[in-house]
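Quick look at what TrEMBL lists:
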BINDING   His146, His151, Glu192  Fe cation binding site
COMPBIAS  23-32  compositional bias 'Basic and acidic residues'
DOMAIN    1-295  domain 'Biopterin-dependent aromatic amino acid hydroxylase family profile'
REGION    1-32  region 'Disordered'
Amino acid sequence: MKNDFHDGVNKGVAPVTYGQGDRPPRGDYSRARADYSCEQDMARYTEADHETYRRLYARQLRQLPGLACQAFIDAVEQLGAPDRIPRFSDISARLSKATGWQIVGVPGLIPEEAFFALLAQRKFPVTDWIRTPEEFDYVVEPDVFHDLFGHVPLLFNPVFADYMQAYGAGGLKASRLDACELLARLYWYTVEFGLIDTPQGLRAYGAGILSSAGELRHAVLSPEPQRIAFDLQRLMRTLYKIDSYQAGYFVIDSFRQLFDATAPDFTPVYAAVRQQPLVEAGIVLDGERCFTPAG
Ligand SMILES: C[C@H](O)[C@H](O)[C@H]1CNc2nc(N)[nH]c(=O)c2N1
Ligand SMILES: N[C@@H](Cc1ccccc1)C(=O)O
Ligand SMILES: [Fe+2]
């Protein structure tokens, strides 16, 4: 099954070939500034675009109870009106009061260094275009719905917001240590496809799960995928596929655990990970703690 969030840039391709293989990037990068941010041009959205956003939002909102973590459910209304693509500056006005973050428009996927640099400044890059009605169930690259609905609500959570900034700062360090691929896996298995264990059972916090119609049920309820306890080094050597539902997920017990696990200097972590074999997604190694799907 295809997930509806596919981030070709995880293959570390150069900005000019973002997306699938050598497909040109979809956005209009000519309007981007040096830091890859661009103004959100509200006039460019058609009524069909607003209708697509309204339909995607309504479908996901209905699914959240029992599947999305409570911090996400509590914050999703901060996106504003559910029936039109919101103005990024309106959300930033609320977000900056909550955690000092703001969202900035970008034409689409941007190079890793630029991405890390924006996160380190508490600026979250939000793609400014939306998928076509034909792509309602699956879009190759992250669009405004994935970035807003998937990523922005948890930026209102102070601990998760601190983790996201630390991730950006860490990414800049990782770039200098040629460890971007290891950090990409950390992003993938936490920010994009992370699960959290709660007294009520497993819940989703990853944006790629929360913005996906099908993967939200798959990740939390299906008996198919493996779900193992968060382990930083194990996660950094676990491969992933970027255009299908995940075969394996990692489970944290709190955002605090995630922040604390990434506080130490990663230099020895990168060295240790590089000495261990890569693992296919969905494999459980001896002694690893597995989680059962939510009831
Ligand atoms: C850092 C990580 O590897 C990841 O692929 C980055 C790269 N560039 C990006 N660019 C945008 N606009 N949005 C993203 O989520 C990402 N992800
Ligand atoms: N603390 C890590 C960087 C990092 C922080 C948070 C998330 C990811 C990476 C280091 O110093 O290398
Ligand atoms: Fe994303």
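Every residue gets a Cβ built from N, Cα and C, even glycine.
Because TrEMBL annotations are produced automatically, they should be read as predictions rather than curated entries.
Shown on the structure are the features that TrEMBL records.
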residue	record	CB count, 10 Å
His146	Fe cation binding site	26
His151	Fe cation binding site	22
Glu192	Fe cation binding site	25
Where Glu192 (Fe cation binding site) sits in the secondary structure, as DSSP reduces it to three classes: helix
Segment-level pLDDT (mean, integer) for the domain 'Biopterin-dependent aromatic amino acid hydroxylase family profile' (1-295): 92
His146 (Fe cation binding site) in three-state DSSP notation: helix
